Amino acid sequence: MSCVMMSKAKPYLLMIGLQFGMAGNYIFGKDILNHGMNRFVFIVYRNAMAAAALSPLAFIFERKSRPKMTLAIFLRIMVLGFLEPVFNQSFNYLGMKYTSASFTSAIMNAVPSITFLLALLTRMEHVKLKEVRSQAKVIGTLVTFGGAVLMGIYKGPGFNLFHSRTQQHHGGGGDPSSSHNHHQIAGALYIFMGCVALSSFYILQSITLKKYPAELSLATLICLAGTGQATVVALVAEHHSQAWALGWDYRLYAPLYTGLVSSAIAYYVQGMVMKMRGPVFTTAFNPLCMIIVAALGSLFLGERLYLGSIIGSIIITMGLYLVVWGKAKDHREETINLKSLPITGCSWIGWYPQIRGNYIFGKDVLNHGMSRFVFIFYRNAMATLVLAPFALIIERKRRPKMTLPVFLQIMILGLLEPVLNQSFAYLGMKYTSASFTSAITNAAPSITFVLAVLTGLERVKIRDVRSQAKVIGTLVTFGGAVAMALYKGPGFNIFHSAAATTQNNGDAGLASHKHQTVGALYILIGCVALSSFYILQSITVAKYRAELSLATWICMAGTLQTTIVALVAERHSGSKPWAIGWDMRLFAPLYTGVVSSGIAYYIQGLVMKMRGPVFTTAFNPLCMVIVAALGSFFLRERVYLGSIIGSIIITLGLYSVVWGKAKDHKHEEADEDTNKSLPITTTAAANDDSSTTNKPSS
């Protein structure tokens, strides 16, 4: 039953997580256009970086399963490379230049309906007009198209979503507030052309995957094809060599992020989900991306929302979900082969860039004076409110009975992560920086390993190389954390841009050496609490096999306990610290609660059942790199030499532990295969011996 539930939940989780990553595509794309980078050059770098990131993974993981390349598949890959990397991205960024990031993401909600029409033409979808589900898909397609047309021709009054300090308008970005109505119509037309190209891409990708069932390799080849074709277009469109220059600013980070997340991870995740549910389902989660982009665009780009965009978005969303409802009715009649839906550790890598926005929003809201206890309360309360309906509906038939031991474990889990870890992590972050905190948190896997050994979840045989690797890696990781705490060194800005100016409020560049040491100590205490949380969660999830319900209970327990802590800590401050508004005081706890608490607890529970608590913490260095870049870009944080050296040491130690853990996993799989290949048990053998002994001789 657990395997069935995980298999059913996997496509939904992957697509929801992908929308958080895809939102950054619009934000960074709009920002880089505002700063004058040529969109064709940007597309070249984006796809080149995606290909460079994917190719090693494709070579390693699919070297034995990769099909042979044929001329027909090669031609399809070249067409795929033209449709999305060249055609769709070019027209999207061109339309975004005339409008805004939120407007572009809203128009992109027309993709599912266009995909449905193309699926009809290619006979991937079937319509029987007498059936309600077919009527819903047809009506939904027409409604979606009408919403997109309305957004293109009607603008209406505008307003700011978040009334924060960032509400300033870029003069060179083609913001809707300063563009004429015909600019919006032209922008909408360009974006709509991109939608047609993207829908065609989804259809052809779905067809190609059936004949070339190697998602990583196909995604890599698409990026390579897109890079080659985009290079030709860029060389024709841009003759000046200065336009190709990169630096330690948005010109590097924007294509790096969009290449890794919006191209590499997106192609791979979309390919996996298409094999499970088809191309129409894959496009069904776009409205979530639209909401995220609207919030981020208002916060970071100073974009205004317009009444026409809101009305059009609502109409498009209604039409979209009519299509999806009809598609869901179709899917209920189909038989799913669960054996073809493996859940691997690699499938969850796409979540880490999204989950770890926790550090950026947490540091920003602390810089602006919000009480960390109140912030933690709102974070866990919002996580509980979002998770509870899903847990109630999805797991209503398989939720185990609550027992006293499980209840006590849940209360301890609510104390360890929502209260202790978050409190000490945010306290340490207040004295240091978001990037420093994420780097120190890389010590969590090694601490988890030590606790796993003490609780018997991990076994160490000193004579085995894999055990030696785990022990040495643990010591090296601890040494790296100590080095970061004791040595600071010179500092510098990763991105030398206009945004890279030092803040006076909470920046690590102004923190004294004493503050850094104290901050590191607080963060390490939080790491111990977090590692203890992982150990206890892996034990609890084995007894209470309902991951969504368990995550909800943990958030609820954390909310109750943090309420008490916050009331005590802020007893002399009155009601002022509890006030929230349409700014970071609302968005930060909402984002961190839903993504970094609710969804994270659920995914951790799933992965722990497959690979254990040590593996669950193995991807933290990816978070460290992303946080360092985002912290420098948005929070003006400086990076120090001691942090870099300590981070490298911690990463080396961490992957020594992970290498040993991977060897353990292969050893366990080999033992399982051996046991499966030996069906004759001792009892059976004894019975055979007795039957042979009692058998009369001829």
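FYI, residue positions are counted from 1 along the chain as it appears here.
Each Cβ is built from the backbone N, Cα and C atoms, and glycine gets one as well.
Annotation source TrEMBL lists domain 'EamA' at 11-151, 186-324, 359-482, 518-658. Annotation source TrEMBL lists transmembrane segment at 12-28, 73-91, 103-122, 134-154, 185-204, 306-324, 373-394, 439-457, 469-487, 588-607, 614-634, 640-658 (among others). What TrEMBL lists as region 'Disordered' is 666-698. What TrEMBL records for 666-675 is compositional bias 'Basic and acidic residues'.
Among the listed stretches 185-204, 373-394, 640-658, the one sharing the most Cβ pairs under 8 Å with the transmembrane segment (73-91) is 185-204. In summary, the domain 'EamA' (186-324) does not lie against the domain 'EamA' (359-482): fewer than three C-beta pairs, each 6 or more positions apart in sequence, are under 8 Å. Secondary structure of the domain 'EamA' (359-482) per DSSP (helix as H, G, I; strand as E, B; remaining residues coil): 99 helix, 0 strand, 25 coil.
As a summary of secondary structure, the domain 'EamA' (186-324) carries 118 helix, 2 strand, 19 coil according to DSSP.
When Cβ distances are compared across the two stretches, the transmembrane segment (640-658) makes contact with the transmembrane segment (439-457), since 3 or more pairs at least 6 residues apart fall below 8 angstroms. Here the domain 'EamA' (11-151) is broken down by DSSP into helix, strand and coil counts: 116 helix, 0 strand, 25 coil.
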